[in-house]
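Chemist: Sharing a structure with you now.
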Amino acid sequence: MGETENHQHHHHPPPPQVVAPPAAPPPNFALSRGPTWTPAEQLHQLQYCIHSNPSWPQALLLAFQHFIVNLGTTVLIASTMVPRMGGNHGDKARVIQVLLFMSGINTLLQTLIGSRLPTVMGVSFAYTLPLLSIINDYTDETFATEHDRFIRGIRTIQGSLIVASFVNIILGYSRAWGELTRFFTPIVMVPVVCLVGLGLFARGFPLLGNCVEIGLPMLILLIISQQYLKRVHSRAHLILERFALLICIGIVWAFAAILTVSGAYNNVKTATKLSCRTDRSYLMSSAPWIKIPYPFQWGTPIFRASHVFGMIGAALVSSAESTATYFAAARLSGATAPPAHVLSRSIGLQGIGMLLEGLFGSLVGTTASVENVGLLGLTHIGSRRVVQISTGFMIFFSIFGKFGAFFASIPLPIFAAIYCILLGIVAACGITFIQFANSNSMRNIYVLGVSLFLGLSIPQYFVMNTTGDGHGPVRTNAGWFNSILNTFFSSPATVAIIVGTVLDNTLEAKQVDDRGIPWWKPFQHSKGDSRTEEFYSYPLRINEYIPTRFL
């Protein structure tokens, strides 16, 4: 005790301890830079969503715009394939008529009882490889005329389409396709939807470059008028945002016609003449005034097993590409993500459409048109009625051939300029799915990066190593096996679905939220989200009139 007193006597008492104030938290850069955006399921800048409709005059013009955009791809595939098959200009005009007619019928069926989304069903480039192998088979045989070779080729295509269509019908109506889509998550949808747009890059600037003096002015004029000039006046805003595409096509097409008439292309290479001149398609002179496409118009279908398997591969690829396009369409038309049962019935109906195409003698099968979905984003109008009206234009111009041929003579570089923008919009739409998952997860970054890169790189390898007659890098003794694999791996969206789904479902996520599953789950079941019925139910609501005991 004394010691303590003594100790205290000689030493000053210790100073009271000052408690240091708590360290300031590190600055949150996300907040200091502005607001953080909450995920948005539906785009709020849309002026008309899936079931709201613009006025009839506007709807007609917008529908005509959809028809023109779809026409470009139709003319491109017919101009590429028909001459190789031995067809003349008259055959090309008739093929375009059939393709347009089937586009109209299939679009109407899909918007009424299929996906119910505002998607135009256009020609699919997935069928080019099976087509080339059919053309190659008949090149060596001797025919009385080239026209006979063309007829034999198209009858073989008919037979292959008819058989291959049952794959889609079974996949769709057995609900197998819907079950497969349950493995998709927002992380899988990013590369898949992205590559549905980016995978078609060859139809953008490379095609535009065939005639730069027409294509480049179209591209620049469309961007300036649709994005910048619309700010000049409130009235201009409405017109240019919705109809700039039609106005620009009119101006540049007239410019191309003036160049043609003035003789600017008289002494140039044949390839340049084909791309630049407005009178090189020879469709106006060869198209019939009135011709209604009818089943077996080329003759009875020819069934050859070796070609059927290539078509089956193409049918599966077009299903994969359509599925990705439906997700983009749902996003750009203000609908919720399509549930599994809707995807199943739309793929089943696509099979029925393919069966009809085989019967009517179409050159290729159809798939949901990516460029028309881009047009929904460009005009900010996702109305289903607009797309349904566009089927009227397709069917009308396919029957009255001369009128359709007039619009089909628009030079392809003009369409290529349009695709540069529309396909870009769809690709960017795919990127927006990342907001529903954790974009800071290294696992997700890995899955996205590998799927995106391989989705572009593998098809590029297959395209570069495919010979002119359709023989790809896979060359085993089994021709059917080669056809399926070469077709599969030439499609960016299909490769992305395979790589993305496998990686995303086998790599472990740290948290369930990382993959975006909690957001995704409700949209996969018919009763999971209250809005599903509103967007995807059948038009006449037949089930409301059936007594419940029969349901």
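The backbone N, Cα and C atoms fix where each Cβ goes, glycine too.
What TrEMBL records for 14-28 is compositional bias 'Pro residues'. Per TrEMBL, the feature region 'Disordered' maps to 1-35. The transmembrane segment annotation in TrEMBL covers 63-83, 95-113, 119-138, 159-177, 183-202, 207-224, 244-265, 386-408, 414-433, 445-463, 483-503.
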Chemist: If we call contact 3 or more Cβ pairs under 8 Å (sequence gap 6 or more), are the transmembrane segment (414-433) and the transmembrane segment (63-83) touching?
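Modeler: Touching, yes - the transmembrane segment (414-433) and the transmembrane segment (63-83) meet the threshold of 3 or more Cβ pairs under 8 Å.
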Chemist: Considering only the recorded stretches 95-113, 119-138, 159-177, 183-202, state which has the highest number of Cβ pairs under 8 Å to the transmembrane segment (483-503).
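Modeler: Selected stretch: 183-202, with the most Cβ pairs under 8 Å.
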Chemist: Under 8 angstroms for C-beta pairs, at least 3 of them, ignoring pairs fewer than 6 apart in sequence. Is the transmembrane segment (119-138) in contact with the transmembrane segment (63-83) by that rule?
Modeler: yes
Chemist: Taking pairs 6 or more apart in sequence, does the count of Cβ pairs under 8 Å between the transmembrane segment (445-463) and the transmembrane segment (63-83) hit 3 or more?
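Modeler: Contact between the transmembrane segment (63-83) and the transmembrane segment (445-463): absent, because fewer than 3 Cβ pairs are under 8 Å.
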Chemist: Same chain, outside the transmembrane segment (183-202) by at least 6, Cβ under 8 Å from its Cβ: which residues?
Modeler: 125, 321, 323-325, 327-328, 370, 374, 419, 423-431, 433-437, 444, 447-448, 451-452, 455-456, 459, 491-493, 495-497, 499-501, 504-505, 515-517, 519-520
